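One structure is given here, and the rest of the page talks about it.
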Amino acid sequence: MGKLQSKINFHTTKYRAEGSVGHSGPAGASRQHSPAHSDAVTSVAALQPDLCVSGGRDKSVAVCSWRSGAALRRFIGHEREVTKVTSALDSSRVFSASRDKTVMMWELHRTSGPSQHFPGHDLVVTGLAVSPDASQLCTGSRDNTVCKWDTETGECLGRAAISRNLVTHLCWVPGEPYVIQTSEDKTTRVWDSRELQVAHTFPAKQHIQTCCDVSQDGRYCLSSSSGSAGHGAEATLWDLRQTRARVCEYKGHFQTTTSCVFLPRGPALAPSIATSSSDSTVKVWDQYTAGR
């Protein structure tokens, strides 16, 4: 009974918004807030230093404070599930993609509907990347296309199609005109956003590439792989400089690695990355040694 009680206590530990740790129940009840969504949350992204934005199956987009846990704004306008959300950091603009084949732009201080609408894809939109100044937006879809948009006018500035390029994720390289894209065709591509042309394609992996991220210095990118029963499911670190080679792999998940991200680096901390998986785990890795 002692072992069982120990497990129960461990799994019911919760973290408060202020960062202190307490247990659920009368001894130290965690602060409770009304849910921002009424169904599954499908995407989340940083918005400002103290805000995040999320999208859900309830077709809504929510802006929340991670300090208080409270939902500050909720945007409703999509006709189907929201698949991706993003924003340029410190921007007041939020972008959301949906299974209704559209992308919308929302202003944090706008009280009515979306301030811009980006229709044009033929299937669900599965990738969003906004330029650092929030003036341009790149979108990707299961229709095998990547599009570039002017966020002020909503005009489509370019459209590129590649056979079997079912986009899974997009991210913008900080300070550069390049966009990284992962695909169900098992490749990771680097797009030059100026002409919307592929500048480089990394060697194909053995499994679908599910997600990507770029380091803040713009030197490296990550991609994550699908997998099962311990086969695949790795994350890969790529060099974005002249060599453009594979630097490191992070292996240890037993099911599809669904997300990968570079973690902010503290003064006394080694560069680290985090990965999440369908095996119900999140792992943190040393960026250079792949040690967990």
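Any Cβ shown, glycine's included, is placed from N, Cα and C.
Automatic, uncurated: that is what TrEMBL annotation is.
Of the candidate ranges 15-41, 96-122, TrEMBL annotates residues 15-41 with the feature region 'Disordered'. Beyond its flanks by at least six residues, the repeat 'WD' (250-292) meets 210-216, 220, 222-230, 232-237 of its own chain at Cβ-Cβ distances under 8 Å. Residues 42-49, 53-57, 59-63, 114-119, 121-134, 137, 139, 141, 149, 151, 169 of the same chain sit 6 or more residues outside the repeat 'WD' (75-108) yet have a Cβ under 8 Å from a Cβ within it.
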